[in-house]
Amino acid sequence: MENRWQVMVVWQVDRMRVRTWNSLVKHHMYVSKKARGWFYRHHYETDNPKISSEIHIPLGEAKLVIVTYWGLMPGERPWHLGHGVSIEWRQGIYRTQIDPELADKLIHLYYFDCFTASAIRQAVLGRPVIPKCEYPAGHKQVGSLQYLALIAWVGVQKRRPPLPSVTKLTEDRWNRHQKIKDHRGSHTTNGL
């Protein structure tokens, strides 16, 4: 019998991102209770020695499974150390890989309160509204002018600790362009 290969998309991440992600998920499962119904599977509970953790997030009849891996091939940089993340959407026997942005949108849709378009009308009528989104990683689009005005009026409040974002987990913070802190003066006087 010949070998059968299965190909899947795995995002390379550094190990500190994986540790932070797991800590945030556990905090919101057990302390803040915002992640109700989520299931965390440890590395010793799986048959695959490459899996470091699995998080099962129910989405109605379907579920989102976020698997973190260790011991993969060495990464492009020394700090990657062969760590990776795969994101899978499952419903019945159907499975498909999805990207981090879509995963964040699905989590946002099912689990967290958000400012909706009808909230502008509710605010104008004097009814109470939810003026903020609990999970802003779930939608990146620019809001309407009314939404932006209401946000400016209410103000943005930071959450501690933040809610776990799949996009934040998979982003490559090491290969982003460096921001120059001081633009005053010429480059020659700043020693650049």
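Placement of Cβ uses the backbone N, Cα and C atoms for every residue, glycine included.
Swiss-Prot annotations:
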REGION    14-17  region 'Interaction with host APOBEC3F'
REGION    40-44  region 'Interaction with host APOBEC3G'
REGION    54-72  region 'Interaction with host APOBEC3F and APOBEC3G'
REGION    74-79  region 'Interaction with host APOBEC3F'
REGION    75-114  region 'RNA-binding'
MOD_RES   Thr96  phosphothreonine
MOTIF     108-139  motif 'HCCH motif'
BINDING   His108, Cys114, Cys133, His139  Zn(2+) binding site
MOD_RES   Ser144  phosphoserine
MOTIF     144-153  motif 'BC-box-like motif'
REGION    151-180  region 'SOCS box-like'
REGION    151-164  region 'Multimerization'
MOD_RES   Ser165  phosphoserine
MOD_RES   Thr188  phosphothreonine
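Note: the Cα of Thr96 (phosphothreonine) and the Cα of Ser165 (phosphoserine) are spaced 20 Å from each other.
Within the region 'Interaction with host APOBEC3F' (14-17), the DSSP-based counts of helix, strand and coil residues read 3 helix, 0 strand, 1 coil. Here the region 'Interaction with host APOBEC3F and APOBEC3G' (54-72) has, by DSSP, the following mix of helix, strand and coil residues: 0 helix, 14 strand, 5 coil. Cα spacing between Ser165 (phosphoserine) and His108 (Zn(2+) binding site): 10 Å, rounded to the nearest whole number. Minimal Cβ crowding within 10 Å, among the recorded positions Thr96, His108, Ser165, is found at Thr96. Here the region 'Interaction with host APOBEC3G' (40-44) is broken down by DSSP into helix, strand and coil counts: 2 helix, 3 strand, 0 coil.
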